[in-house]
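Participant: When I checked TrEMBL for this same protein, it listed these features:
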TRANSMEM  31-50  transmembrane segment
TRANSMEM  62-81  transmembrane segment
TRANSMEM  115-137  transmembrane segment
TRANSMEM  149-172  transmembrane segment
TRANSMEM  184-203  transmembrane segment
TRANSMEM  223-243  transmembrane segment
Amino acid sequence: MSSGTFMDLVQHEFMVRGSWRKLNRVRLSRSWCTAYFLIVAAAVVIVTTYLAARNDLELSSFWYMTLAFPYWIFFLGYGAIKREWSNDTYGWWLTLPIPRFRLIAAKWLGNCLKVWAAMIAIYIAFSAYVLVLAGAIDHYTYDMAVSFMITGINWLTVVAGLTPFIIAAGMLTICVMYSTAKPLTPLLWILFMGGFSIVYSNLNEYLLPESRLDTAGPATFFPYPWELPAIIIGSWAVAYALIRAVTYVMDKKLDL
């Protein structure tokens, strides 16, 4: 398979919005979806600006809103495979004249890119808004805005680094559910979701502690020990192993 074909698959996965059956049940045009999004965004801006004017808005609350990212990323990977069954397109997808590993890898990479693009967009939106607040409201300073932005870079860099592993974990969980190894599905849910919850609850204060969210003080870039980058790099190797496991299940163990 040529690299162009592979990138076409990646682009398709990056652009796809979800199950077309679910989208057809809720017949909303793109303009209406855009209108609803803009209304919600405007409401959020109005409320937060009102709180900021009263000096009741903690800038750190914006990054707390992103603490659910790892769970969203897991279900994004989970849904990437499930969508083929929901749309009844799994037969067409699996019979494409493309090596099964590349099919899976295209879905994995497309969703990783989707997550990273979303993170960049959210970071830019939050940073721009906080800079506007710093310029318009006296009790918010540009030093606070810079500290807020550095904190966001630190936190989102960690999440972005772990994204390949989390996407792969979600894909393996749903693949096993459609295979002859389906009885293992509850164990995978316990392993991944339970493990995420335990690790996340223990590391949350370490990765995004209140002391680092105090935007009144200076922030430093990536204030983590060397073990964290080592863990992130190690997770990429685990992600590759999980993608290989997904490929094996799709090749040998599917229950069709």
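Any Cβ shown, glycine's included, is placed from N, Cα and C.
Help me picture where these features are in the structure shown.
Facilitator: Tertiary proximity for the transmembrane segment (31-50) is limited to same-chain residues at least six positions away from its ends with a CB under 8 Å from its CB atoms, namely 57, 129, 133.
Tertiary neighbourhood of the transmembrane segment (149-172): same-chain residues 60, 62-63, 66, 69-70, 73-81, 104, 107-108, 111-112, 115-116, 119, 123, 126-127, 130, 188, 192, 196, 207-208, 212-213, 215, 219-224, 228-229, 232, 235-236, 238-240, 242-243, 245-246, 249, selected by CB-CB distance under 8 Å and a gap of 6+ residues from either end.
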Participant: Given a Cβ distance threshold of under 8 angstroms, which distant residues of the chain, six or more beyond its ends, lie next to the transmembrane segment (62-81)?
Facilitator: 13, 18, 107-108, 110-111, 114-115, 119, 122, 126, 130, 148, 151-152, 155-156, 159, 162-163, 166-171, 173-175, 178, 192-193, 196, 200, 204, 208, 213, 246
Participant: Cβ under 8 Å, sequence separation of at least 6 from the ends of the transmembrane segment (115-137): give me the contacting residues as numbers and ranges.
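Facilitator: Sequence-remote neighbours of the transmembrane segment (115-137) are 14, 45, 48-49, 52-53, 57, 59, 62-63, 66, 69, 73, 76, 144-145, 148-149, 152-153, 156, 159-160, 163, 167.
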Participant: Counting only residues 6 or more past its boundaries, what in the same chain has a CB within less than 8 Å of a CB in the transmembrane segment (184-203)?
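Facilitator: Sequence-remote neighbours of the transmembrane segment (184-203) are 70-71, 74, 166, 169-170, 172-173, 176-177.
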